[in-house]
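These notes are about the structure you will find just below.
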């Protein structure tokens, strides 16, 4: 006997979370609960505003159609919006016990705010020191100076930088000028510095700063391949699609000799814990990019270890549909 419940959540965000010039006041999404006999599977469907192609309303419509068919005994379709494909495939994998329980809860901390506070926090970090800095929100020169200060002050630190295609080539070069050439090898990668792939490639070749593909991964003409100056592929399952698609991308990335990084699209704690399990399974040697829970004020259904944020139980969520 198959049973389905589809819930909706809306979690208030901390002040100051901005996605491509849009302030994100709440994170809204859907939670899927599948039950077959005594087995349960959970999944999260949460298109990211400004980044996902599908809206939450479109995702809900596609999910309802698929869940009604599943409850009647059919399999999920392969051709679905990415957030729906990811959430449904996670729920199915949990139900079938194909998503390993072991999780990688290490985080590359997201560095915002005062460099002095960042320095203290990073200095106290145990183990491999890998942190992430968003660049491109302020002046490129300022970004370069902050990155240089952090790398100079902490000789065992590696930084992942993310520019979200926000720089012209001239601005990207302005950033690079303020990072000492001797420190650039400790930039693990800079995600999509320029507005076009070709400009980003040129930037990497001319500055010696490695880049990673992120937005490009979701474009129809993208192919994973080894090329000079490219060190990593960032995989955001909510934006990429099903578990099978994520597995395929990780495999292609490793075969090309590149690093695959499983990364968050600001999912709730339920989605984040599943991403931690996915990272432990598919990319065990790489710290995932999952330090987004503290942007929210509440956890949903599944706790993230060591988080003190309050938890919303399933019973506290709105039910969209039940079979």
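Glycine is no exception: its Cβ is also placed from the backbone N, Cα and C atoms.
Remember, it's a predicted structure, so these values are computed and weren't measured experimentally.
Of the residues 191, 198, 199, Swiss-Prot places 191 in the same Mg(2+) site as 162, 214.
Within the set of active-site residues (134, 236), the lowest number of other Cβ atoms found within 10 Å of a Cβ is recorded at 134. Nearest to residue 236 (active site, proton acceptor) in space, judged by Cα atoms and limited to the recorded positions 134, 191, 214, is 214.
Recorded residues residue 162 (Mg(2+) binding site) and residue 134 (active site, proton donor) have their alpha carbons 5 Å apart, per Cα-Cα distance. A distance of 13 Å separates the Cα atom of residue 214 (Mg(2+) binding site) from that of residue 134 (active site, proton donor).
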